[in-house]
Amino acid sequence: MSDQLIFATEVILNGLMAGVLYALVALGFVLIYKASGIFNYAQGVMALFAAMTLVGIMNGQVPFAHLINAIFGAHITHFGWNVPALLAIILTMGVMVLLAWAVQQFVMRHLVGQEPIILFMATIGLAYFLEGVADLMWGSEIKTLDVGLPQGLNVWIDDTTYGILGYGFFIDNLDIVATVIAALLVAALVAFSQYTKQGRAMRAVADDHQAALSVGISLNFIWVLVWSVAGFVALVAGIMWGTKSGVQFSLSLIALKALPVLMLGGFTSIPGAIVGGLIIGVGEKLFEFAIGPLVGGATENWFAYVLALIFLVFRPQGLFGEKIIERV
Amino acid sequence: MFYREAGDFKTSYQSDSQTFPIKFDRYRYYVVLVVAFGIIPFIINDYWANSLLLPFLIYAIAAIGLNILVGYCGQVSLGTGGFMAVGAYSCYKLMTAFPETSMFIHVILSGGITAIVGVLFGLPSLRIKGFYLAVATLAAQFFLVWLFNRVPWFYNYSASGQINAPERDVFGIIITGPNAPAWATYLFCLIFLTLCALIARNLTRGTMGRTWMAIRDMDIAAEIIGVNPLKAKMTAFAVSSFFVGISGALFFALYLGAVEVGEAFGIQKSFLVLFMVIIGGLGSIFGSFAGAAFLVLLPVVLKVVGADMLGWPTDIVAHLQLVIVGGLIIVFLIMEPHGLAQLWRVAKEKLRLWPFPH
């Protein structure tokens with residue numbers, strides 16, 4: 001194999017792994033959009049919020065310590081204990097469910113029946129709000145998140161490929177774990193929506209609100225459920241990205257990475273989110289590898305969007321989206 | 001009592017179709033013009049100009065531009081920051097290439113260039129609708145910012161990658177650079193805002209505005225009754241980008257003076273202008289003013305109250321500001337999804353019937 005081809009293969013592999021992470025974020029969007037028609041811009045900030053809460057609980061930080069200190073002149077920072085990772089994850093999940101309930105109770109319930117753009121704006125407002133609350137609660141400095149996931153170069157792959165090709169592939173252990181977890185998560189979500197009572201109810205609501213209401217499904221409950229599931233997906237994405245690059249503001253920008261994935265895959269399709277994520281992940285890494293150096297690099301910022309844009313011109317509903325039927 | 005049509009007889013077609021048909025509105029409009037042009041320039045100082053008035057004027061132009069696209073034509077755009085950057089960079093290139101030409105011409109030309117770019121990125125709107133379009137316009141945002149960051153020709157190969165506004169004058173009065181007097185920059189922006197508002201108001205009342213609104217309300221139905229969607233959408237993108245480009249040029253040349261593109265024209269700017277439009281009211285020129293004023297004023301008030309009066313650390317105030325802005329947006333959308341303009345409309349309706357309740 002020529003060197004170029006080997007490099008390209010490595011780039012593709014890494015692209016696939018990055019794509020899985022994009023897909024993970026995109027999943028959260030798709031879930032909420034399918035069930036309630038809300039395009040949840042706050043998904044990225046929810047991932048940030050989840051990751052920050054997880055770190056805060058693990059380190060035993062006092063919530064709102066900054067604010068309390070500023071108002072009362074105290075000097076508290078930590079409770080002085082450390083919570084094991086698994087327990088902290090469960091506690092964080094509880095916080096995310098609480099958040100889902102609050103969002104439904106105080107925001108979305110009052111906006112039922114509004115135009116989609118208004119709902120979308122409300123989630124942008126929510127994103128600002130959550131970001132501010134997360135910073136006030138846990139402080140805005142960059143934190144490291146370590147829940148015991150393996151990290152760093154996978155030596156086995158490096159050795160094996162070196163033995164076969166004479167060049168060791170650099171593949172991060174974390175990416176492999178993320179891929180496995182994402183696959184499990186998708187399988188679990190599919191099983192949940194196909195085989196459980198709540199999952200079926202969720203799909204019914206996604207299909208037709210009024211019909212679902214008329215057969216006795218509680219919309220309120222389903223929407224809290226959907227936001228909780230989206231919160232769970234956000235937590236998983238937050239753990240992955242937080243372990244990879246630290247828990248900081250830029251974590252919330254992964255939402256922007258997920259948008260072209262959604263466009264490509266279609267807003268309403270779970271398999272679409274996965275396939276779209278993989279295409280975008282591979283596409284942008286390959287483009288950066290092949291064309292990037294010619295035009296000054298950092299093409300990852302826009303390549304996904306332009307790809308999705310060109311794609312949409314030919315297929316406006318995305319790869320797997322429901323066919324758009326327009327009537328007067 | 002005073003706010004009603006009765007007794008205000010129109011004797012010519014011209015007076016029948018004027019912008020403000022009600023006498024009180026007309027006088028209010030004249031009073032605002034007199035105060036803005038005749039009084040404020042004499043009492044303005046640097047603090048007021050830089051922290052409140054200039055951003056308000058410039059954002060109001062951008063909000064009018066975006067409102068034409070989103071509020072009147074129904075095409076949601078998240079690329080405002082990118083288009084403002086086009087205005088800023090074309091203004092910079094023009095200013096450095098033709099130092100002798102008047103700034104008026106530079107700013108208008110930058111608007112024109114932005115309009116062309118806007119039409120280019122608006123072309124997909126013929127195929128893509130709704131949210132897909134909103135996300136598609138993000139392509140413009142990211143691509144344009146990247147372009148101005150990476151291609152050295154746009155920033156004249158300067159070492160820092162920034163662009164700095166050189167000193168330029170209009171009729172002998174310096175209006176850009178650090179030595180520009182506050183009243184001159186203020187008046188320059190005000191003239192542009194007045195012109196833009198006038199043009200926008202009259203465009204939206206005429207044929208063009210009506211075709212936009214037809215497309216917004218239901219594009220297929222509009223097409224069936226003979227509205228050309230290509231023409232309507234492209235003109236909306238062109239006019240909108242023209243205004244946004246002007247505001248970008250002013251934002252760079254008169255307000256900031258030095259610009260780093262990712263910071264000044266990032267995605268946050270797109271959202272900020274969109275917030276102005278939504279909080280002010282979709283499909284209302286007055287709403288654009290109200291929204292811009294609200295969102296320019298809010299951070300300043302919060303900073304004065306939080307940091308200066310209560311003496312809290314600035315980082316807490318900054319975080320609280322996020323919480324309050326986010327919360328306010330949500331509260332606003334719940335209480336009044338049609339924005340400040342709707343409150344104004346309701347107030348006018350009440351005034352018209354006053355002193356009777358119904």
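Cβ atoms are placed via backbone N, Cα and C, with glycine included.
What TrEMBL says about this one:
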type: TRANSMEM; residues: A:12-33; note: transmembrane segment
type: TRANSMEM; residues: A:45-65; note: transmembrane segment
type: TRANSMEM; residues: A:85-104; note: transmembrane segment
type: TRANSMEM; residues: A:116-138; note: transmembrane segment
type: TRANSMEM; residues: A:176-196; note: transmembrane segment
type: TRANSMEM; residues: A:217-241; note: transmembrane segment
type: TRANSMEM; residues: A:261-282; note: transmembrane segment
type: TRANSMEM; residues: A:294-314; note: transmembrane segment
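Contact between the transmembrane segment (A:217-241) and the transmembrane segment (A:45-65) holds: at least three of their C-beta pairs are under 8 Å, each pair 6 or more apart in sequence.
Here the transmembrane segment (A:116-138) sits apart from the transmembrane segment (A:12-33); fewer than 3 CB pairs are under 8 Å, leaving out pairs fewer than 6 apart in sequence.
Between the transmembrane segment (A:12-33) and the stretches A:176-196, A:261-282, A:294-314, Cβ pairs under 8 Å are most numerous for A:261-282.
Under 8 Å from some Cβ of the transmembrane segment (A:176-196) lie the Cβ atoms of residues 16-17, 20-21, 23-24, 27, 31, 149-150, 154, 202-203, 229, 233, 236, 240, 270, 274, all in the same chain and six or more residues away from its ends. Below 8 angstroms of C-beta separation, residues 257, 259-261, 263-264, 279-280, 283-285, 287-288 of the same chain, each at least six residues beyond the ends of the transmembrane segment (A:294-314), sit close to that stretch.
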